[in-house]
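Undergrad: Copying in the features that Swiss-Prot gives for the protein in this structure:
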type: BINDING; residues: 19-26, 83-87, 137-140; note: GTP binding site
type: DOMAIN; residues: 10-285; note: domain 'tr-type G'
Amino acid sequence: MANKREYPLEKTRNIGIMAHIDAGKTTATERILYYTGKIHKIGETHDGASQMDWMEEEKERGITITSAATTAVWKDTRINIIDTPGHVDFTVEVERALRVLDGAVTVLDAQAGVEPQTETVWRQADDFNVPRLVFANKMDKMGANFDYSVKTIKERLNVTPLPIQMPIGAEDEFAGVIDLVKMVAYIYDEDKLGENWDTVEIPADMKDEAESRHDAMIETLADVNDDIMEKYLEGAEISVDEIKAAIRQATLDQELFPVMAGSAYKDKGIQMMLDAVLDYLPSPVDVKPFVAHDEEGNAIELTAGDDKPFAALAFKIATDPFVGRLTFLRVYTGSLKSGSYVLNATKGKRERIGRLLQMHSNQQNEISEVFSGDIAAAIGLKNTTTGDSLTDPDHPLQLESMDFPEPVIQVSVEPKSKADQDKMDKGLQKLAEEDPTFKAETNPETGETLIAGMGELHLDIIVERLRREFNAEVTVGKPQVSYREAFTKQVSAQGKFVRQSGGKGQYGDVWIEFTPLEEGAGFEFEDAIVGGVVPREYIPAVEQGLKEAMENGVLAGYPLVDLHAKLYDGSYHEVDSSEAAFKVAASLALRNAAPKGGAVILEPIMKVDIVAPEDNLGDVMGHVTARRGSIDGMEERGNAQLVHSFVPLSEMFGYATTLRSATQGRGTFTMTFDHYSAVPKSIQEEIIEKNGGK
């Protein structure tokens, strides 16, 4: 058990590997682990043998679902790697990873360049100010084109790429790369799993092109670096070290994004990519100070260092079959020994760290202490959930929490037997702890269990995990859309609840003004009572009554959202008034306001990006309009077209099959939640009728 810092902070890298699905990201991570000596046999994703894809569901589907954290050592530096999913249903895993990373490697498919999901994860990385390198992977693939990939970075991501290599050959002829910084060539030995390569002079027939690309690289650097600009204008020699220092600074400032070439599957270019991680991506010391807040709400800037009070963020909860509940931590400042107490500043509870583990995919090495800049997993934290701040009990700090999107799709799940009921309940509770975008609840009227998530694949995998990890056999209903309800007009209404039939009666009377708010604003309650017409002690009951009534909506039983309620008048009875009576009165006011408040049903609208061959463009546009969608623009993608559109989620069920048959399997689409919008009147009536009205 190691207990002193093995690698200085400057020699630590916390990086993520991010990409569009099928760009070869998991294979690239595998190769990193192989060359850094962490694994002895390479696992291929398409054989279901990859180390990082450790859940059974991932092995079967060949996609990465949970971002496994692993640690590796390259040269004299420790690299903590978080492998993130590329499928849109799992964007929350990407957000979680980016929140705690210092830098990232974006893997592109060199034939496709920047794809829709690349754009999504790139924008997420922008939100978290994460410096990035780009690795144009699959250079051995038919149609691979490095220059095209670089062009797509510029055009689709709207940033300045900096090619620091050029490939030697492409497709079957891909043999190695030219290093434009050192101006040498690396030619790989075909037989040795990429472990051997020769550093040679640039081939004579490529020398002129390499020179001109080197000059272009220097010009791009000169635009963002005054020292390079000065030497460039004077025609002075610029050393390799000066070039590297300038690239590093421009990468850290996110002014430039170095681009490299390789083929993870054919074992080419990975070691150079690792060198670039060391040369150009930040250590915890290089990143901007992290902002936290003390108990008074004052902003405090945290910079990495072991000699400061302990502060960490819990960024993921996972259930391990052998050790139970694992809490993944990113330590920002200070150090922590196993067995010590921490304060969960988010929940205001003290917790004891049982054991500390360093993770390698799903295998663990026990350690006795973690330090500033580390990523590790803790056992023993019972009350900690994703996004909680863990700090030194004497120095409580609130690290900025994470925001997660609300689920947009739900299905009912029913246990097949009584024994399955308990297993299912336990499993759903555990899975909801792990994943903030997954929710499970019981419908109070029908008693059925509903699970909600970010997409069909997300829920498929939840059900699969119930079966596999918790032995719960369940029947799954048809997917349903998570509709909402909203007012569209300002309206005032009275709610009066009076019951006087012998004995103690009930009396509550309120006047409330309801004002619709913009999407995502939530519920706001305003107490505007003057002169005690509604006594103080009943006002919280009015607010609570409204909240409970809003949960069940006013039209078809869906939650009513984004509403400001101003309680401005009412009356009470000395004897008969009670909290319960005012709760009922508040719910009646809401019900009475609905007809004049222009209540509507809102549906989730998805951003749907469809890539289809040119010949099928007419069909695809027809698909969008037939599904009540709108086209938002098109771009050429080689000999295919990318159609940007917005389509209601309710119309997208089963679309994968439609697209597959229309394009003979050549079309693909990605779908992410964009916003909520009112459904057309006719559809609103159908929904109300189907739900039996209110």
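These residue numbers are counts, starting from 1, taken along the chain as shown.
For all residues, glycine too, the Cβ spot is worked out from N, Cα and C.
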Undergrad: Taking the Cβ of each of the binding-site residues and counting other Cβ atoms inside 10 Å, which one has the highest number: A19, M139?
TA: M139
Undergrad: Could you give the mean pLDDT over the domain 'tr-type G' (10-285), rounded to a whole number?
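TA: Here the mean pLDDT over the domain 'tr-type G' (10-285) amounts to 82.
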Undergrad: 10 Å Cβ neighbour count around T84 (GTP binding site)?
TA: 27
